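Asks: Taken from TrEMBL, the feature domain '2Fe-2S ferredoxin-type' applies to 18-104. According to TrEMBL, the feature [2Fe-2S] cluster 1 binding site maps to Cys56, Cys61, Cys64, Cys86. The [2Fe-2S] cluster 2 binding site annotation in TrEMBL covers Cys126, Cys129, Cys162, Cys164. Summarising the annotation, TrEMBL assigns domain 'FAD-binding PCMH-type' to 263-448. Feature annotation from TrEMBL assigns FAD binding site to Phe371, Ser381, Ile382, Ala383, Gly384, Asn385, Asp394, Leu438, Lys456. Marked as Mo-molybdopterin binding site by TrEMBL: Gln802, Phe833, Arg947, Ala1114. The feature substrate binding site is assigned by TrEMBL to Glu837, Arg915, Phe949, Thr1045. Look at TrEMBL and you will find Glu1303 tagged as active site, proton acceptor.
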Amino acid sequence: MGSLTKVEELVAEEGWSKEAIIYVNGFRRVLPDGLAHLTLLEYLRDMRLTGTKLGCGEGGCGACTVMISYYDEHMRKSVHYAINACLAPLYSVEGMHIITVEGIGNCQRGLHPIQESMARAHGSQCGFCTPGFVMSIYALLRSCKMPPSEEQIEESLAGNLCRCTGYRPIIDAFRVFAKHDDSLYTNSSSRKCSNGETICPSSGKPCSCGKDIVNNGESSIEVCHKQRIPFSYNEIDGSSYSEKELIFPPELVLRKKMPLSMCGFGGFKWYRPLRLQHVLDLKSCYPEAKFVVGNTEVGIETKFKNAQYQVLISVTHVPELNVLSVKENGLEIGASLRLAQLQQILESVIAERDTHETSSCRAILEQLKWFAGKQIRNVASIAGNICTASPISDLNPLWMASGAKFQIIDCKGNIRTDLAKDFFLGYRKVNLAHNEILLSIFLPWTRPYEFVKEFKQAHRREDDIALVNAGMRAFLKEDNGNWIVSDVCIVYGGVAPVSLIASKTERFLVGKKWNKKLMQDTLQILKEDVPLAEDAPGGMVEFRKSLTLSFFFKFFSWVTHKMNEKGSFVEGLHKTDLSAIQPYSRQSSVGSQCYEMTRHGTTVGLPIVHLSSKLQVTGGAEYTDDVAVPPHCLHAALVLSKKAHARILSIDDSLSKTSPGFEGLFLSRDIPGSNKIGAAVHDEELFASEIVTCVGQVIGVVVADTHENAKIAANKVLIEYEELPAILSIREAVNSCTFLSNTEKCLVKGDVEWCFQSGACDKITEGNVQVAGQEHFYLEPNSSLVWTVDDGNEVHMISSTQSPQKHQDCVAGVLDLPMSKVVCRTKRIGGGFGGKETRSAFIAASASVPSYLLKRPVKITLDRDIDMMITGQRHSFLGKYKIGYTNAGKLLALDLQLYNNAGNSLDLSLAVLERAMFHSDNVYAIPHIRVRGQVCYTNFPSNTAFRGFGGPQGMLIAENWIQRVAVELKKSPEEIRELNFQSEGYVLHYGQLLENCTLRQVWDELKASCDFSKARERVDHYNLQNRWRKRGIAMIPTKFGISFTTKFMNQAGALVQVYCDGHVLVTHGGVEMGQGLHTKVAQIAASCFNISISSVFISETSTDKIPNASPTAASASSDMYGAAVLDACEQIKARMQPIANRHKHSSFAELASACYKERVNLCANGFYITPDIGFDWKLGKGTPFNYFTYGAAFAEVEIDTLTGDFHTIAADIVMDLGNSLNPAIDVGQIEGAFVQGLGWIALEELKWGDADHKWIRPGNLYTCGPGSYKIPSVNDIPLNFKVALLKGVPNPKAIHSSKAVGEPPFFLASTVLFAIKDAIIAARAEEGYHDWFPLDNPATPERIRMACIDDFTRRFASDNYHPKLSI
C-alpha cells in the first residue's frame, strides 16, 4: 500500500465526494459510504427488487440483466444499455439511472408492451430467466433511433440463457418490435390448413399468418402458424412503447460529476477519479491497485479465484482514457473505451474510409461479434482485455498481427510506446512497470494488398471463450510479375501461456512467392512452430494443433481469393474450395407450429398462456431466494471435501470462529437424528464423518450473518486428509468390478446365443458406445429457507425442489422428528429437469440442522459453481453391443451390456439403468434380445435423474448400432429403421404388448413434411460442390414409456376447495417448474365446473395439504394430478347437483353461494392411481408403462470440416400427444426438450479430473459454470424449426385423451448428432475413408473436426484417433 497521507491530501484538496447518488426506477437513492464491496445486484435484491435474479454470478446467463442510463456530455444525450448487475460494482453506477424489470411494468399498473408480448407468445416457462430477456430487449429498444432489425434483436439476446423454451417463442415475442418487410411474411412457407380465421400467437389477434377452425362444444380446432408474424407498428410505437416510460432524471443531467472516494467491508477502497492526473497519483500511492471499467475480469477473479484486491480504481470517467481520434495514419483509441463503443467506431470507420485501409478494422469488428455477450461488451474495456493478458484473448492476437502500438504513461507523466507484439511477456504478464498504466492503442490503417484476418473456434459460437484463436496479416508486393510476401504476422491464442507469434513461420514466408507450394511448405514449418505439450491445460491437444494449420489454410485461401478478386491473381480458388473461406452468416430463425385443438369444456384443449406468465415477465413471480427472510435469519454455506476419496484426519475451525459474522460450524456429531440419508436406500451421510468419497461431499455447514460471510468462514475450515485410491470412470469401475450391490439386472426375449450360432445371421457386429453425462443447468440454483415453530416443535421450510415430500422426509429423519411436524412448501421453481428431485434434499437438510439447534431461521442458496459440482448430473453410460442381422438389414439378435456411472451413492441410478434397459430397443423389433445392466460405483458426486431418466441413453446406444448396421450393409440408416419398426401388437423384450401404436403414422407424416428424398438429393448436390463445408441429414424415431417404473409412485392426491364467491382453490402434489402443470390442472378444473380459468387459482405445493406426494417427474404429472383434481371436482359437482337441479342459477358463483347456504361440503380430496401397471424383475416380465408417447424428428446440419464448427439448418418434429390439454404449452415443451437435447448431443461437455484429463485435479469438475460449460444459446437453435402434433389420435389411457410430453421429445435431438455424422461421412469420403467410425456425444467441434480426416489432422493424430471423454 502507498502513502495514505498523500491519498488523503489528494481527496481533501480536490473535493472528492463521499456521497453517491443513483436513481432506481425513477426514485432517487443516496448511497452511503461503506458499500463498495457490494454489487449492483446485491443492492437491488436487498431493496426487494427481486425480479433481477442471481443465476450464475459471473455474467454468463443474463438473469441479472438491468438497463442503465447515463448522460453523455459529449453527445449531449442520455445513453441506454444493458449490463449484468451481478458483476457491476455498486458505486460504478453512480450518477446513473438503473431500470429493472419492475420499473417498466407490473400487474397492478399494467404491463409494458415487451412484457405483454413475451407473455402472449408463451416465451416464459419457468420464468427465472424471463426478466433478463425482457430487460435486454428493453435496453435495445430504448437505445435505437429506429426499430431494430431481427438480427439485432437476436444479437442482443446472445448474453441471455434459457433452459426451458428452446428460445423460439422468445424470439417470436420480440420479433414484433423489429422493422418490417411484408415479403418476409408472405413468402414464408407454411402448412396449408382449412379456411378460417387465425389467432396470431404473438399478438393474440386475427391475422393472415395461418388458418384455424373453431367450433362450439366438443370441437376440433386446427391451427397452423408461421412464426414471422407481422405486428402493427402503430399499435406498439417504436419510440415511446409506453405512455408510462421512465425518463432520464433531470437532476442527473444537471448534476456536476464529482470524483468518488468510497469504502467497503474489511478496509476495501473504491476510487473514481475524473482526471488522468488523479489516476496517476492513485497509482503512485497504490501500485498494486486494480483498475476497473466493467469489472468483468476482476469480478470473476474475486468471486471464483479467491483474489483479494483492497483498492479498486474506476477509470470510466477519465476523458484522457476515453479519447477517440481518427488520424491520417490510423486510429487512436483510449484505453477505457468500452468494447461496444469500439464496435460502433469501427463500423463508422469502415463505412467512411477506403476498403484497403480497414482490413484490420474489419477483422477486429468481426471478432467482437463473437466476443462475450452484449451485456459484457457494453461495459468491458479495451485495456482491461489487453492487460489481463489472457492466453485466449480474442483481441490480443489481432492487435499484435495488425501492428498496433500501445501508449504507456507512468506516474510522472512520461509516455512511451510499445509494439503490441512486444507487450505480452508471459502468462498474465505484460510490459507495464508498477508505476505505469496503458493510455491508448494506436491501430494503423492497412495498405493496399495488406490483408488482416481473424479466426476463432470455441465450443459454442456465441458468448464463449476461444479454444484456439488467431490474428494473421500478410502484405504482398509485386516483383517481376510475381507476388512476394513482403511482411507477415501470424499470432495464435489458446496454444501457449501467452498469445504466440509463429516467428519461424513468419521468417520462412517473407520473400517467398505466394502460391500453392508455399502454402504446403509452410504447413510443415508451422507444425513445428506451435508446440503444445500432451498434458497442456485445456486438453484437446491434437485438435488445437490441427486448428493452427486449418486457420492458416483458411487465411492463405482467403488472401488468394481476395487477390483474385482484385485481378492480381489469374488463378484463384477452385469453386469447391471456396467453402474454406465462406464466412458464417446466420439468418433470423423462423418456426412453425401445426396442431389440432380438441376442446373439452371451457378451457381444456385451448392454447392458454401460462398462469404465472404475467408475474414472470414483470419480475413479480417469487422464487425461494426471493422470499423475504425473517428477522435474525442466518445464512449457511457448506464445508465441502476437496478430495475424491480420503480419510478425514482432523477438522480445524479456529480460523472460522474469528471470521466476521460467524455463528457456528455444525458437523456429523451435531446432528440430532440420523446422519444416514438417501433416495432409494440410506447409503449416504448428510455430513461425512470419517471418509469422504468425492470432491464436493458435504462435511459440515457454517452459518453466519450474511451469505458472503458464511462462505468466507466455510473456506477457513481446515481439513487434513489421508488420500485413498479413487475410481474415476466407468471403465475403471468395470475393470475393478466396483459395482453397487444388488444392481445387476437382466431382460431376455428369445434365445440370443442360439440365434448367433444358428447361422440365421448373415452378419454379426460388435462394438462399444460411450454416452456422456449432462449438467441440468436449471437457471435457479438450489435454495431453501428453514425455520422452527413453537420452540423447535415444528420445522417449516420453503424449498426449490421437485419433491417437497423428499425434503420433508429427509429433514424429519435428520432432526429425529415425525413427518407430521415438518412442512415443506414450494410455490414454483426456476427449472428442475430431474436435478431437484432427490439431490436438493440434502441441501435443505444441511440448513435444517443449525436452524433446529439454534432455533433461528437459516437460508441456504448455492452458488452456481457449487451447485454444479455437488448435485450430480445425467448419468454417463457405456454400452457394449453384439448385433446380428441379415443382408437385407433385418435385425435378428441383440446382446447388450449396459453400465452407468452412479457416482458415490445409489440415489436413483438403478431406476435410471432399468429405464435405459427398457428403452434399449428404441422402436425396433428384434426377435432375440438380451439386455444386461450394472450400476458402477465411482468417486464422483452421485448422479441423478435428468429429463428422460436413462431412456435417452438407452435409445442413443440403439441408434448407434442401427447406424453401424447401415454402414456395414451400405444402406441408409433410415432404410434400416423403417425395415425394423415395431407395430401394433408387438410384444416388447420385457413382455409388454404394444397398443395404440402410432409410430408409422408419425414417421410417414414427418417424411412427407421434410420431403426426405428431396432433402437427400439437395444435400448430396451441396456436398459435391463444397470441399470444406458439408451438410448432413437424418431422421430419428422415439418411443417413450409413460409411468414411474416403481409402481407405488404412480399415485397422486389433490385438494379442491370451492368458495362461496364461485372461485376455486386447487392444491395438488405436483410442482410447477415451467412445464405448465398448474395451467393444465387449472384448465381441467375450470372445464369440469364449466367456469373461466380465471376463477381457478393454484397457490403452492405443500406437504401439509397433500401428503406423500411423488416427485414431479417421469412426465406423468399432468396425467396423475390432472386426474386427481378431476376426481375431486367431480365429487364436489355431485354434491352441488341437487342444489343445481332445484333452482336455476345465473352463474357458478350463485350456485356456490346457494350450496354454502345449504351446508354442502365444497371441499374434496381427489386421488388417482395409474391402473394396470407393474413389473416383476424376478420374472423379467410385466407392464411397466401405462402407454407410450411416439415422435420422430428430421434435422439438416452444416459443418465446417476445417474447424468442427456446425449449425442446424432445419429441424422438423412430429409427435403424437393424443388430444393435447394445451397445445401451446406442449409445443413449448417439445421445442425446449429438443434444444436441451441438442445441448446434450452437440455442445455440453462435462470434464472431470480423471485418467484422460490429467490437467484437472483428480475428481474435480472443471466445467462448473457458464464460462466453461456451454448450454445452447439463441444462436444455436435450428434456423427453421417446425413442430407438428399428429391429428386424430386420442389416447384412451390418460385424462381427456391426452399424452405426456415433458421427456419424450428430448431424445429427438439425437437426429442432429446423426445428421452431423452424415456430414462427416461425406467429408471422409473426400479422403477415401468409407468405413464406420465412432462419434461420441457431445459432438463438439473437437470431435467433428478430428473425425473429418485430412492432411491437417493426419500430421497430429492417427486415422483412428478417438477424442477423450469423461464417462
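Note that Cβ sites are derived from N, Cα and C of the backbone, with glycine treated the same way.
All TrEMBL annotations are machine predictions without curation.
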Asks: I'm trying to understand the geometry here, so how far is the Cα atom of Phe371 (FAD binding site) from the Cα atom of Cys61 ([2Fe-2S] cluster 1 binding site), in Å to the nearest whole number?
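Replies: That comes out at 15 Å between the alpha carbons.
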Asks: Binding-site residues Cys61, Phe833, Arg947: which have a Cα within 10 Å of Cys164 ([2Fe-2S] cluster 2 binding site)?
Replies: Phe833
Asks: Far apart in sequence but close in space: which same-chain residues, 6 or more away, have a Cβ under 8 Å from Ile382 (FAD binding site)?
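Replies: Long-range Cβ contacts: Ile333, Gly334, Ala335, Ser336, Leu337, Arg338, Leu339, Leu342, Leu395, Ile441.
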Asks: Suppose the [2Fe-2S] cluster 2 site is Cys126, Cys129, Cys162, Cys164. Which further residues of the same chain have a Cβ inside 8 angstroms of that site's Cβ centroid?
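Replies: Residues close to the [2Fe-2S] cluster 2 site, other than Cys126, Cys129, Cys162, Cys164: Ser124, Gln125, Gly127, Phe128, Thr130, Arg163, Thr165, Leu779, Gly830, Gly831, Gly1074, Gly1232.
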Asks: Just to be sure I understand, if DSSP states are collapsed into helix, strand and coil, how many residues of the domain '2Fe-2S ferredoxin-type' (18-104) fall in each?
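Replies: With helix first, then strand, then coil, the domain '2Fe-2S ferredoxin-type' (18-104) has 15 helix, 31 strand, 41 coil.
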Asks: Mind computing the max CA-CA distance among Glu837, Arg915, Phe949, Thr1045, which the record assigns to substrate binding, rounded to whole Å?
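Replies: Value for the max Cα separation, rounded to a whole number: 17 Å.
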Asks: Could you state the whole-number distance in Å separating the C-alpha atoms of Phe949 (substrate binding site) and Cys86 ([2Fe-2S] cluster 1 binding site)?
Replies: 33
Asks: In whole Å, how far is Lys456 (FAD binding site) from Cys61 ([2Fe-2S] cluster 1 binding site) when you measure between their Cα atoms?
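Replies: So the alpha carbons of Cys61 ([2Fe-2S] cluster 1 binding site) and Lys456 (FAD binding site) sit roughly 22 Å from each other.
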Asks: Taking the Cα of Cys129 ([2Fe-2S] cluster 2 binding site) as the centre, which of the recorded positions listed as Cys86, Lys456, Arg915, Arg947, Thr1045, Glu1303 lie within 10 Å of it?
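Replies: Within 10 Å Cα-Cα: none.
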Asks: List every residue in the same chain as Arg915 (substrate binding site), at least 6 positions away in sequence, whose Cβ is under 8 Å from its Cβ.
Replies: Phe949, Gly950, Gly951, Gly954, Gly1041, Thr1045
Asks: Which residues in the same chain, at least 6 apart in sequence, have a Cβ under 8 Å from the Cβ of Cys56 ([2Fe-2S] cluster 1 binding site)?
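Replies: Correct list: Ala63, Cys86, Arg864, Gly1265, Pro1266.
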Asks: Minimum Cβ neighbour count within 10 Å among the binding-site residues Gln802, Thr1045: which residue?
Replies: Thr1045
Asks: Specify all same-chain residues, apart from the site residues Glu837, Arg915, Phe949, Thr1045, whose Cβ lies within 8 angstroms of the center of the Cβ atoms of the substrate site, ordered by sequence.
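Replies: Near the substrate site, beyond Glu837, Arg915, Phe949, Thr1045, sit Gly834, Leu908, Ala911, Val912, Glu914, Ala945, Gly950, Gly951, Phe1044, Ala1113, Ala1114.
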Asks: Excluding Gln802, Phe833, Arg947, Ala1114, which residues of the same chain place their Cβ within 8 Å of the centroid of the Cβ atoms of the recorded Mo-molybdopterin site?
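Replies: Apart from the listed residues, the neighbours are Gly832, Gly834, Gly835, Glu837, Ala945, Phe946, Phe949, Thr1112, Ala1113, Ser1115, Gly1302, Glu1303.
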Asks: Just to be sure I understand the packing, how many Cβ atoms besides its own are within 10 Å of the Cβ of Arg947 (Mo-molybdopterin binding site)?
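Replies: Excluding its own Cβ, the number within 10 Å is 26.
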Asks: How long is the line from the C-alpha of Gly384 (FAD binding site) to the C-alpha of the residue listed as 'active site, proton acceptor', rounded to the nearest angstrom?
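Replies: Approximately 44 Å lies between the Cα of Gly384 (FAD binding site) and that of the residue listed as 'active site, proton acceptor'.
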Asks: Given the binding-site residues Cys64, Gln802, Phe833, Arg947, Ala1114, find the one whose Cα is closest in space to the Cα of Lys456 (FAD binding site).
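Replies: Of all the candidates listed, Cys64 is nearest in space.
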Asks: Of the recorded positions listed here (Asp394, Gln802, Phe833, Glu837, Glu1303), which is spatially closest to Cys64 ([2Fe-2S] cluster 1 binding site) when Cα positions are compared?
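Replies: Going through Asp394, Gln802, Phe833, Glu837, Glu1303 one by one, the closest to Cys64 ([2Fe-2S] cluster 1 binding site) is Phe833.
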Asks: Average the pLDDT scores across the domain '2Fe-2S ferredoxin-type' (18-104) and report the rounded value.
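Replies: Taking every residue of the domain '2Fe-2S ferredoxin-type' (18-104) together, the mean pLDDT is 96.
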Asks: Can you tell me which of the recorded positions Asp394, Gln802, Phe833, Arg947, Glu1303 is spatially closest to Cys162 ([2Fe-2S] cluster 2 binding site)? Compare CA atoms only.
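Replies: For Cys162 ([2Fe-2S] cluster 2 binding site), the spatially nearest of the recorded positions is Phe833.
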Asks: Just to confirm: which same-chain residues, 6+ apart in sequence, have a Cβ under 8 Å from the Cβ of Cys126 ([2Fe-2S] cluster 2 binding site)?
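Replies: For Cys126 ([2Fe-2S] cluster 2 binding site), the qualifying residues are Arg163, Cys164, Tyr778, Leu779, Glu780, Arg828, Ile829, Gly830, Gly831, Met1073, Gly1074.
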